[in-house]
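Take a look at the structure below.
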Amino acid sequence: MKFTLSWLKDHLETTATVPEIVAAMTMAGLEVEHVIDPATKLAPFTVCKIVEAARHPNADRLQVCQVDTVDGRKEIVCGAPNARPGLTTIYAPIGAYVPGLDVTLVEKPVRGVVSNGMLCSAAELEYASESDGIMELEGSLAVGTPAVDALGLEAVIDFEVTPNRPDWLGVAGIARDLAAAGVGTLKDLSIAPIAGTYPSPISVTVDGEACPAFAGRYIRGVKNGPSPKWLQDRLTAIGLRPINALVDVTNLISYDRARPLHVYDAHKLSGTQISTRLGRHGEHGDEHLIALDGKTYELTPEMCVIADANGERPIGLGGVMGGESTGCSEDTVDVFVESAWFEPIRIAQTGRTTGIASDAQYRFARTVDTGSLVPGIELATKLILELCGGEPSEVVYVGEVPAAPKGFAFDPDYVGQLSGLAVTPEKTHQILAALGFDVVLGSPWTVTPPTFRRDVEGKADLVEEVARIAGYGALPSTPLPEVPRAVGGILTAKQARARAARRALAAAGYAEAVTFSFTNRKTASLFGGGQDVLVLANPIASELDCMRPSLLPNLIEAAGRNARQGFADAALFEIGPTFHGDKPADQRTVVSAILAPKAPRGWDKAAQGDVFTVKADLLALLEELGAPVASLQTAQGSASSWWHPGRSARLQLGPKAVMAEFGEIHPAVLKALDVAGPVFGFEITLEAIPEPKKKSIKTKPAFSPSALMPLTRDFAFLVEKAKAAGDLVKAAAGADKALITAARVFDVYEGPGVPDGFKSVAIEVVVQPREATLTDAEIEALSAKVVAAAEKAGGKLRS
């Protein structure tokens, strides 16, 4: 949003300078982006007068001019066709930077004649986009007058408008806030109604869903043409291109009062009725409109359409842009002025669908003051009559705008309670009244927001209004209270585990990925998700329409993208939430990792990773997280459907206490995701890891190694092929925890001597005597315990 100081002074009686205005705006919450001051870039340029102009001796199209300048009389070579004696124009001295040409002037001969400066065009000063010759100014201007003063240029303030303050999209709204902040006195913003002299020959019908309210007025006998200089200068200063008086009036009011309007050429209308309705879908597709920008747009049933010819011919996109067929030109004689209120969400969606980002669309999408329909018509009528003449009809008003905001109770003491500011009730009343709020004093007060402040919905909003105008700089400096450090740190157990997992996996060579919390519904269904309650109503992209049931699909797709870019060897992990329903309890925090090994180009072709690699990384990570790894059961063949059934397993404390799953991703899943395999991975549910027992505050005794040598005993057991060797190892190690310090598999054999359907698992058991060397009888008794424990686990000692 841009405006000039002189424009602001149309609504604000003030002596403040631009820097003071900018400072006050910043303190009041208006975020100033920058100030465009033409005096800076045009400082070297001044008014001059051509005294003589003679043809250049060496060039037919050039003239050698004698020019009176601020630096005295100068000889300047000029190629402009309108250079002539007596012309008052703009002079640029040697050394001046010409912004429109992006050059700095140097003294040099032009076809043999030295030019001591330059005579400038409007385009060269960036005063206009194009020009046919040097500038022609009023002859009464004194030589040496700064170009900025001669052209009436002034600083332009550009600031960012927050979505909740559409009233700031008009200069009058800015003036209101600055007046409340004490920068000046707000002038009367009311608009006197203009009586119509005849009934409007154009009637209006509205579809409340498309356009809740519509005001219009017929004005006959106008004389359209270029706008006066003051209006053109005002629009040009903020970057708008003047078109003609009728159109420029609507643009002025849009920026002056944040009230978009539209003007129709009444003679180009078909019939005597204008209708607002939703777009229609016919036998041959949706309707189309050629808009004022010359482009053709498809009108869908979600859009508001302005139509004539008994509602059959679209002539505009309501709240967005008018149609080319009814646009005003210099030949326009009779007009119909539109001032309507459109539903903001519909206008925002129309803008996104069509790609139109007009000033009207920008304002209606943020909501326009519902109380400005008739005042907007009256102001437009006043300006049109002043600039174009004509005779107005009575105002046509149909429909109903949303109800005005309701009042609510407010205690002025709440300002101090919530903000800490010491503001008297009298000052609070003064601020709220200056901002346009209706305040009824009492116990408590009753405060009603104005129609242009629908963002104010409660007493906390009122405190914010008072605080920003009173000034946050008035807040007393109060140090924060000292908070004792939390015992055991400030992280929860889950947060601490997530941090530990992140460090451990990074140390193991995995790279962390951060992906979206949603995925494609079809992809989610591959991983046990995709339920209706998890589908997004308004996804950020069509391929991200469902909350993720697992971190694995996003990681696998990331590995696939890396592979397509030439980085096939991927080791990725992510820590984040997964979603299994619409209740808070259905959200779980998960640690997932994948390994997509690529076989090196060597003679052995061995890939750098497999199921056992990710299992080892998984167990190491669980150990780091404090999980009871020694108590975990490996349940093979019971993992989820997205794992390879023969190359995956679960780690669990019991059938209902599943802690993690690992293995190779099912080839069918990889094919559906268009990712080359194999891909291995694991997934840990942090909530499934039991909380560690409180550590004893007693100091552990110093390590005291045994003075006796350990001994080993080997056992070979027959077990079914499907039996996990780890079960035998765990059973053997637990046979006598006082003496057995370790047990491990050193051989697995299948072949002659082993029955079909069985395998031989050889286990080495390490025995560490504590107090005395074990006798043969004690060793035999210990061996018997190992055999008995193995038999309970399904093993049979080979004879």
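Glycine residues also receive a Cβ, built from the backbone N, Cα and C atoms like all the rest.
Within its own chain, GLU464 (Mg(2+) binding site) has no residue 6 or more apart in sequence whose C-beta sits under 8 angstroms from its own. Residues or ranges marked as Mg(2+) binding site by Swiss-Prot on the basis of sequence analysis: ASP455, ASP461, GLU464, GLU465.
The feature domain 'tRNA-binding' is assigned by Swiss-Prot to 39-148. With helix defined as DSSP H, G or I and strand as E or B, the domain 'tRNA-binding' (39-148) counts 5 helix, 50 strand, 55 coil.
Mean model confidence for the domain 'B5' (403-477) is a pLDDT of 94. Residues or ranges marked as domain 'B5' by Swiss-Prot: 403-477.
Annotation source Swiss-Prot lists domain 'FDX-ACB' at 706-798.
Sorting the binding-site residues ASP461, GLU465 by the number of other Cβ atoms within 10 Å puts GLU465 first. Cβ contacts within 10 Å of ASP455 (Mg(2+) binding site), excluding its own Cβ and spanning all protein chains shown: 16. Surrounding the centroid of the Cβ atoms of ASP455, ASP461, GLU464, GLU465, where the record places Mg(2+), the chain contributes additional residues within 8 Å, namely ARG453, VAL456, ALA460, LEU462, VAL463.
Taking H, G and I as helix, E and B as strand and the rest as coil, DSSP gives the domain 'FDX-ACB' (706-798) the counts 26 helix, 32 strand, 35 coil.
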